[in-house]
C-alpha cells in the first residue's frame, strides 16, 4: 500500500509542502525519510511503470519515462539527496530545507522527462529552486553571485524552450531523445545544455556561485544541476564529435586555475568542471564503452565530489572560511574529516580501489580505441593535474601544511555520518565495480583491474605526487595567496559594466550638448514682449514646430 | 575563528621532522619500485606513446611540473586583489548615487 507508481519528483515536492507544515524539530527527520521512501518506490515500481502522462494546453507531458539511463540517474539522485540531507540535518533554516527538497525533486523530474516540454519545466525549476541555496548565505557577495547565477541559468532555460519549439516546428515531435547537431533548433538545445554542463566560456556561473553558497548548499548544488546537463547531452547528443574537443578543453583549462586558486571550495568548483570534461568527452565519442564511462563517471563524481564539498563544508562550518592561505594543521582536531577528505581525494584522482578509477579509465580506453592520441594525452595530463590540485592540494593545505594554529572542533555527528556514507560508497564501488556496472545502460564488458591499468595509473599518480614534493622542496610551488583570478566572468563583471558606464558617459555628454544647442537657438528666436502679444509668440513657435514635423514626415513618406 | 594554540599541547605525529622524513623516504622507495617495475613487467601497449620506457611515470612528473610553472606565470596576468570585484561594485554604486 505504500508503494505506488508515482513520478519520482512528486514525493519530494509533496514532502516539501508537508515539511513546511511540520514543527521544526520533526522536519529534518521527516526530510531524511523522503529519499529513502522515494528510492525504494523507484526500485520496486520502475519495471512495472506504465508511464505517467499529464495534459497541458494540448501537449502531453510525459513525467515517467523509464529506461536504464533514467533509472540509473534516478538511483543516483536519491542517494545524493539522502547524503546531502543527512549532511544538512543540523540546519534550522526552513528556506534551505525546503529549497533543497524542491531542488532534488526537480532534478529527478528532469531525468524522468519523456518530452522536451517537461524537461524545460524541470530545467527552470532547477534554477529557481537552487538559487535559494546561494541566497541563504545572506551576504552581499552571495546575493550578487546568486543573481548572476540565476541570469545564466534562466538564459539556458530560454534557449531550451526556443530550441524545443523550433524542433517541434521542424519535426512535429517533442520527444526527449537523440537529436544530433544539425538544425538551428538542435544548436539552441546544445547551447542550453552547454550552459548547465559548464562548457568553456559558459562555465563562470559555477565557479562564481558554488563557492558562495552555504556550507551545506554547495553539496546539493554539486550533485544535481551539472549532472542533469550531462544526462541531457547523453540523451540528445551522444556521438557528436564536437563534444570530444569541448570535453578535452574542459578537462585541461580549469586545472590551471585550480592550482592558483585560494578559496578551496572554488578549487573544487574548477575541478568539478574538469571532471565534467571527462564525461562530455565520453558522450562525444559515443561508443557503448565511452557512454557507459561517461555516465558511470557522473555517478561516481556525484559521490566523491559531494564528499569533498562536504569536508570543505565541515571546515567552513567550524572555521568560518576555506581559504587555503589561512588554513593548515586541522588534522589535529578534525582527524575524521581529514580521513574522509583523503578518501574523496583518492577517489577523484582515480587511485586503484577507489571509485574514480573504475569509471575514468573507461573514457580513456574509449579514446585510445577510437585513435584520438593527442586528445588522450590531454586527458592524461588532466588526470595528473586533477590529482595535483584536488588530490593533494585540498587535503594538504586544509589539514596539513603549516600549522595555522586553528583548533576547530570535529564536524557535527550528522556531517560525519554523511561523509562516512559517501566514503564507504567510494571505496565499495571502487573495489566492486560490478555493482555499478550492472546499472550501466549500454552493453558492457569492460574490466578495469588488469596489470597494465593498475600499474600505469599508479605510476602516473605517484610521479605527479613526486612533482609536488619536488616543487615544494625547491620552493617553486606557488604559495596560497589571498587573491582573485580573472576568468571569463571578467567580461560581464568588469568589461561590460565599464563599457556601459563609458557609453552612458558619452551619451549623456552628447545629450547635454544637443540640449544646450537646441536651447540656445530656442532662446535666439525673436522674443516679443509677453504682455503685449504673448499669444503671437507662442503661435510662431508652435507653427515652427508643426512645420518641422511636417517636413520630417514628408521626408519619411518619400518612397 | 582566531588561532588558540594551547602551549601545553603535545606535538603531533606530523610535527616531528623525523616522522615526515620517514614518510617521504617510504614514498621515494615506492616511486623507485614503480619505476623499476615498468622494466620488469610486460604491460600492454595501445598507442605508440606508451612504447617510451616508463612513459606514465615521466609524463606524470613532467605534466605536473609544467602545470605548476604555467599556472605560476598565469598569476602575473590574471591575479588581482581579493577585493577586485567588490571595489568595482562600490565605485558603481557611488556613481549611481
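In case you wondered, yes, glycine gets a Cβ from its N, Cα and C as well.
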- Note on the structure: Which range is transmembrane segment per TrEMBL? Of A:204-222, A:223-241, A:242-260, A:432-450, it is A:242-260
- Matching range for TrEMBL feature annotation, transmembrane segment, among A:94-121, A:374-401: A:374-401
- Message: transmembrane segment per TrEMBL: which of the ranges A:124-145, A:146-167 is that?
- Response: A:146-167
- Query: Counting Cβ pairs under 8 Å to the transmembrane segment (A:179-199), which of A:29-49, A:242-260, A:451-471 comes out on top?
  - Reply: A:242-260
- Should the transmembrane segment (A:340-368) and the transmembrane segment (A:267-290) be scored as in contact, given a threshold of at least 3 Cβ pairs under 8 Å and pairs 6 or more apart? yes
- Cβ contacts the transmembrane segment (A:451-471)/the transmembrane segment (A:374-401), at least three under 8 Å, sequence gap 6 or more: yes
- Compare A:242-260, A:267-290, A:302-319, A:374-401 by their Cβ pairs under 8 Å to the transmembrane segment (A:69-89) and return the stretch that comes out on top. A:302-319
- Examine the transmembrane segment (A:242-260) against the transmembrane segment (A:374-401) and state whether at least 3 Cβ pairs sit under 8 A, considering only residue pairs 6 or more apart. yes
- Could you tell me what the rest of the chain brings near the transmembrane segment (A:302-319), counting residues at least six beyond its ends with Cβ under 8 Å? 76, 79-80, 83-84, 87, 215-216, 218-219, 222-223, 227, 264-265, 268, 271-272, 275, 327, 330, 334, 337, 340-341, 343-345, 347-348, 354-356, 390, 394, 398, 406, 408-409, 411-412, 415, 418-419, 422-423, 425-426, 429
- Take a look at A:29-49, A:267-290, A:374-401, A:413-431 and tell me which one has the most Cβ pairs under 8 Å to the transmembrane segment (A:6-22). A:29-49
